[in-house]
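Everything below concerns the one structure shown next.
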Amino acid sequence: MRDCRASGSVPSSFLVSTSFAPVSLKPPFSRWGLNRKRHACSFTREECTVVVLDGTSLPSRSANEKGGESTERPVSSKPRGRVEAPGVKGGAGSDSVGKGRRRQVSGQASEYVGKNRRPVVKEVQRRHDFTTRGKVEDIQVISNAQKSKGRRSSGVGSGMKSSRKGAKGVERRRGMSADDRILRWYTRRITETGRHGKWKDALSLFEELKSKGLRPDVFVVSALLSCLRNASGGSRWKEALEVFKDMMRAGVEPNTVTFSALISAMEKAPGGSQWERALEVFGEMERRGVEPDTVSFSALISAMEKAPEGSQWERALEVFGEMKSRGVEPTTVTFSALISAMEKAPGGSQWERALEVFGEMERRGVEPDIVTFSALISAMQKAPGGSQWEKALEVFGEMERRGIKPNTRTFNALITAMEKAPEGSQWKRALEVFGEMERREVEPNIVTFSALISAMGKAPGGSQWEKALEVFGEMERRGIEPNTRTFNALITAMEKAPEGSQWKRALEYFGEMERRGVEPDIVTFSALISAMEKAPGGSQWKRALVVFGEMERREVEPDTVSFSALISAMEKAPGGSQWERALEVFGEMERRGVEPDTVTFNALISAMEKAPGGSQWEIALEVFGEMERRGVEPSTRTFNALISTMEKAPGGSQWEIALEVFGEMKSRGVEPTTVTFSALISAMEKAPGGSQWERALEVFGEMERRRVEPNTVTFSALISAMEKAPGGSQWKRALEYFGEMERRGVEPDIVTFSALISAMEKAPGGSQWEIALEVFEEMKRRGVEPDERTFNALISAMEKAPGGSQWERALEVFGEMERRGVEPDTITFSALISAMEKAPGGSQWEIALEVFGEMKRRGVEPDTRTFNALISTMEKAPGGSQWEIALEVFGEMERRGVEPSTRTFYALISAMEKALGGSQWERALEVFEEVERRRVEPTKEISSSW
C-alpha cells in the first residue's frame, strides 16, 4: 500500500465518489487505521494521496472519547501570529488552527471511469492565486496513475474551486523543491500584505527572501509589483520600476501579469499617471513577445485617462483600436476607463465621443455599471462652452431604467452639470437633483454642497446668493466642514449678486474662512477683489487694493484673473475711473510676467473711457496698439469700449476715429452689437460744433440692415443727435424717432424724454415749448421721474419761446421741480434768470434778483452765463436799464473770480447806453477801457454800442 500524505486538516466531511457505493470518510480517523503523520488507507483496493490546500495540521483524536464521539484538538500548539516559511527557521511554517476549525473543499474528489474499471482517486492541486491577480483558478485533478507516468491530466474539475481561506495553503506535491515551497510562501505573504497597502512590509519580505540566497521568480516579483501598485497614498511606481529592472537583470522573464501590474503602477501614480512610461512598458511587453490581455489594455487606457493636466484621450482611442485589432475583448472596466478619458480631455470633455464609446459598449453587449454612468454624466458636465445638462439628465434616466442605483459621485456630477449650464446655471434643477438625492438617502458630501452653492452663484441675471447662504447653513447643520472650494463658491455668489455685489458679506465669509483655518487660494482672492469691483454705486477700489496686499502677504501669486479684477475695480471707481492707478496695476502685472488677456485690456481701455473730465482717448489707442502687438484678440467689448472712449473725448467726440475703429471691427469679422451701434451714434451726437446727425442716421440704417435690434440707449442717442444739430435741432425727426421707438415697443427712459424736450427747446426760430410741455406730461403719465436735466430743458424751452419767454410757466416748472425734491443747479438758475430777462415787454428784473438771491441761499455757484443773464436782465428793464444794479452785479462777478466774457461787457455797455434819463457814456467808456485792458476782443455788438 502507498502512503496517503496529509499536509493540513482534513475537512469534517470528504466525500469520495467511485463506481461503487460512495464511502463517507468522517472522523474519528482511527476507524480506518489512520495515524497522525502517515496514514495507510485500504478501501476498494485503491491507493490515494490526500492533498489539503491549507497549511494547518491534522486534528487528532483525544484519548478521552465518550460515547464513540471524539474531541478534536490541533496538533500544533503554536499560537497564531507570525508565520514561518516552510523549510526555513521555525520549521513547518504552518498556521495553527483554533478548536473545531474546519476547511471546506467543494466539488467531487474523483470521477467515474467506466462501469468495469476501478475508480481513480485524484490528487487535488490548486494553482497559486497570484497568477490570476487574486482570483482562484479551477482546481486541477490529476490521477495517481498519470502522476506516476509524469503526465498531467488535461481535465479540469468544474466544481473544484476552493474558498479564499483555502487559498492560503501552499501546494505540496511531489517534485516541488523546498525552494519552490518557500517562494510560494513569500508570494502569498507579499500578496496578503499588498491587500492592505503595506508596500514597505512587502519590500522587507522581498529583501528577506533575497537575503536567504533565494532567486525570486516571476510570481513573487509580480506579487510585489501588484503590492507597489496598490500602495496607500498612490502607487510607488518608481520602486516598481526598480524592481522590474532588477528582475530583468536577474534574467527572470516577465509574463502578462507582471507587465499588467507595472502598467497599472504607472497608471496609479500620485498626482496623475506616468502615461509615457506606461507606453514604454507596453512597448517592452510587445518587444518581448508577451501577449497583452484585457487587464493590460484596460490599465493602459486608464493611464491615458489619468494623465496630469488632462487625459491623453486620442492615445486612449489608439490603444482601444489596437486592443480590438488583436481580438482582445473589452470589458466594463475598459469602456469605463475610455469614457473617463473622454470626460477628462483638456479644454473640456469630448462628450460626443464619450457617447459614441457608450454606444459601442451597448452594441457589444457589455453591461455598463455605476462607474460607467458616472463618468458619462461627468463628460456631459465638462463639455466645453458649458455643460450638456439636458443630455446628462437623459443619461441619468437611462441609468435608472437599467436599475443601477446612483451614488454620491453620480449625483455630484449631475448637480455640477446643472451648475455649469451655459448662459447661467440651471439652479432650480440642481436643487431638484439634491432633493432626489435626499429621498434616495444618498449621503451628500463636501463636493455636493460646493457644487450646489456654485450653482446658486451662477444663476442667470445675478446669483441666488440668499439660497447659497441657505445651502451653506444646511451643510453646517449636517456637520460637513467647508473647504476652500466651498468658500470660493460662496464668496463668488456674493460677488455676483444682482444690482451690485454683496461685498460686505463676501468680506465676512473671508474672515470666517480664516477663523476656520481654511487656506484661501488664488480663486478666493480673485473673487473677493471682483466683489469689491462690483460694489453698488461704484467699486470699493481702496478695499480691492487692501485685499490684493493681503494676497501678496500670504505669498499667493496673482494671476491674470486677479489683475484683471483689480484693474476693473480702478475702472469702476465712483466719480470716474482711477485710470492712473489702473495703468500702475498693469505695469505691475507686466513686471511679474503675468500675461494680460482680452479681459485685462478691455478693463484698461474702459478705465481710459471713464476718466473724469472726459476720456483719455489717446492712451486708450496706445493700449489697443499694445494689445495688437501682443497678439491678444480684441473682442466685441474691446471695440465697444474703444468707440465709447472716442465718444467721450473732452471737448467733443473723436467721431472720425470712432468710425475708423468701427471699420477695423468689421474688417476683423467681429460682429457689432446694440452697444456698438449705440456708442457710435452717441459719438456722432457729441461731435464738436454740433452733432453729425446725418451720419448718425446712416449708422442707424446700417444697424437695421444688420438686423441688430435698437434699444432705449440707441434711440436716446439718436434723438439727442437730432437735438444737437448745428443751426437748431431737427425737432421733427426727433419726434419721428420717438414714434418709431413706441412702435417697436422700446420703453423710453429719463434720458429719452430729456433729449426730446431739449430738442423742442432748441428748435430753430424759437422753442417748441408747447410740444415740450406735452412731452413732459407724457413722461409723467408713464411714471418716469423727471430729473434736473429734464427740468432744465423744460425751463429753457419756456425761456426760448418765440416772441418772448414764457417766464410765468418757467416759474411754475421751477415750483414743480421744488415740490418733487429735485435739486436745481447752476443751469436751472441761469435758464430761469434768462427767462426773466426775455420776458415780453421788458425783463422781470426784480424777480430775476429774487431768483439770484435764492440761488445764493442754496449755495449754488453762479457762472459766467448766470451773471451775463442777470446783467442783461438789468439792461432790459422796462423804462430804462437798471445800470447801477448791473454794475453791482459785475462787481460781485469779479469778487467771486468769475471770468467775464465778451457778452458780459456788451450787456454792461448796453445797460450804460439805456440808462434812464440818458446814457451813462463816461461809465460806458470806463467799461470799454476795461475790455481793452483785459484784451477781450470787442465784438460787432460792443463796437456798435460804443
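The backbone N, Cα and C atoms fix where each Cβ goes, and this holds for glycine too.
Quick caveat, the model's predicted, so the values are computed rather than measured.
Lifted from TrEMBL, the feature list:
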- 58-175: region 'Disordered' (REGION)
- 63-72: compositional bias 'Basic and acidic residues' (COMPBIAS)
- 120-138: compositional bias 'Basic and acidic residues' (COMPBIAS)
- 255-292: repeat 'PPR' (REPEAT)
- 293-330: repeat 'PPR' (REPEAT)
- 331-368: repeat 'PPR' (REPEAT)
- 483-520: repeat 'PPR' (REPEAT)
- 559-596: repeat 'PPR' (REPEAT)
- 597-634: repeat 'PPR' (REPEAT)
- 673-710: repeat 'PPR' (REPEAT)
- 711-748: repeat 'PPR' (REPEAT)
- 749-786: repeat 'PPR' (REPEAT)
- 825-862: repeat 'PPR' (REPEAT)
- 863-900: repeat 'PPR' (REPEAT)
- 901-938: repeat 'PPR' (REPEAT)
Residue list, the repeat 'PPR' (331-368) vs rest of chain: Cβ under 8 Å, 6 or more residues beyond ends.
294, 297-298, 301-302, 304-306, 309-313, 316-317, 320, 323, 375-376, 378-385, 388, 391, 402, 404
Same chain only, please: residues at least 6 beyond the ends of the repeat 'PPR' (559-596) with a C-beta under 8 Å from a C-beta of the stretch. Say none if there are none.
522, 525-526, 529-530, 532-534, 537-541, 544-545, 548, 551, 603-604, 606-613, 616, 619, 630, 632
Same-chain residues near the repeat 'PPR' (711-748), Cβ under 8 Å, at least 6 residues beyond its ends:
674-675, 677-678, 681-682, 684-686, 689-693, 696-697, 700, 703, 755-756, 758-765, 768, 771, 782, 784
Intrachain neighbours beyond the repeat 'PPR' (293-330), with Cβ under 8 angstroms and 6 or more residues off its ends:
133, 256-257, 259-260, 263-264, 266-268, 271-275, 278-279, 282, 285, 337-338, 340-347, 350, 353, 361, 364, 366
